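Below you'll find the structure, written out as C-alpha cells, and then a few comments.
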C-alpha cells in the first residue's frame with residue numbers, strides 16, 4: 001500500500017514554518033517534517049500481518065499447486081482464480097515486507113528511485129489485476145449460467161489464458177501514470193543543506209495530478225467493475241431461482257444444477273469478500289485525494305482509515321483459499337492430495353464425513369474428478385444425452401478434456 005500518513009503530516013507542518021528555525025537538533029527537525037520515525041502501531045499491526053502472511057502464503061501456494069498439478073483443475077474459471085492467487089502472492093511476498101519495514105522505519109527510504117518505482121508499480125498493478133480478474137470470472141460465470149451452450153463453445157483454456165494476458169498487460173499499463181509521479185524526496189534545512197536520512201518515497205509531482213489519477217482509477221477499477229459485477233450476479237440469481245421452478249428435463253437439471261449453483265455461490269462469496277476488503281483501500285486513497293487543507297482531526301481520522309485499509313488490503317490476499325476450501329468440494333478434494341497425510345489423518349479424526357454430504361471422487365495418478373458438488377435426490381430411471389455417458393465415462397477415464405473443463 002502507498003504510505004500517505006507522512007505526507008499528511010508534512011502538509012500539517014507547512015503551517016508551522018515560523019517554529020522551524022528554533023529546532024537545531026536534526027532528529028527533531030526531521031520528525032517535525034516527516035512525522036515519527038516508527039509507527040506507534042508497529043507491534044500490533046505486525047502481529048496481525050504475520051498471521052495473514054502465513055495463512056495467505058500457504059493457502060495461495062496450495063491453490064497454485066493443485067491447479068498446476070491436476071489436469072481436471074485446469075478449467076477456465078480456475079485459471080482466473082490462479083491469476084488471483086499469483087497477485088495475492090506478489091502482495092504478500094514482496095509488498096508486505098516493504099510495508100512492515102516502513103512501519104518500523106518510515107525514513108529514510110533505502111532502496112533508491114528504482115525501489116520506489118517498483119513498490120508503487122507493484123501495488124498499482126496488483127490492484128488492477130485483481131479487480132480485472134474478479135470482473136472477468138464474473139462475466140464468465142454469467143455467460144455459463146445464462147448462456148450455457150455458448151459458454152461450452154467459447155469458454156476454453158486458451159481463451160482464458162489470452163484474456164489473462166490482456167488483464168495483466170492492461171494492469172501494468174495503467175500502473176505507469178501513478179508510478180511516474182512518485183520518486184525520492186529529500187528534505188532540507190533552512191540554510192539549504194540536505195537533512196541526512198530524510199529520503200522518502202512519495203509523490204514528487206504536483207498533488208493535483210496524483211489526486212486526479214487516484215480518482216479516475218478508483219472509478220475505473222473499483223466503482224464501475226463492482227457495479228457491473230453486482231448487476232451480473234443479480235441476473236444470475238434470477239436465472240437460478242427461475243430454474244428451480246422448472247419441471248422439465250429433471251435428469252439434466254439433477255446433474256447440472258448442483259455443480260452450477262455451487263460454483264456460482266462460491267464465486268459470489270469471493271466477489272463479496274473482495275468488495276468488502278478492498279473498499280477501505282479505495283476510501284483511504286479517495287479521502288487523501290479530496291482533502292485540500294489538513295488539520296489535526298482530519299489527519300487522525302485518515303491515519304485510522306489507513307491502518308484499517310492496510311489490514312483489509314492484505315486480508316483480501318489470504319481469504320480466497322479459505323473460501324475455496326469451505327465452498328468447493330472439488331478444491332477440498334484437490335487440497336487433500338497435496339497436504340501431508342499426517343495432517344489429513346488429524347483432520348479426519350475431528351471431522352468425520354456425514355451421510356448427507358457424500359461425494360463421488362475418483363483419484364488417479366493424473367486426474368482428480370468430482371462427479372457432483374452434492375448428492376441430489378434420485379429420479380426414476382430416465383436417460384438423457386448428458387446423463388447417459390457421464391458416470392461410465394468418468395469411471396473409465398475416457399471423458400474428453402473439454403467435457404471435464406467445466407466452469
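Cβ coordinates are placed from backbone N, Cα and C, and glycine is handled just like the others.
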Range annotated as transmembrane segment - as stated in Swiss-Prot, picked from 17-37, 80-100: 80-100
Stretch carrying transmembrane segment according to Swiss-Prot (options 191-211, 212-232): 212-232
In Swiss-Prot, residue 72 and residue 286 sharing a membrane side: no
Residue with minimal Cβ packing [other Cβ atoms within 10 Å] among the disulfide-bonded residues 116, 201: 116
Residue 116 (disulfide bond) in three-state DSSP notation: helix
Pairwise Cα distance for residue 191 (N-linked glycosylation site)/residue 116 (disulfide bond) [Å, integer]: 28
Cβ neighbour count (within 10 Å, all chains shown) around residue 191 (N-linked glycosylation site): 5
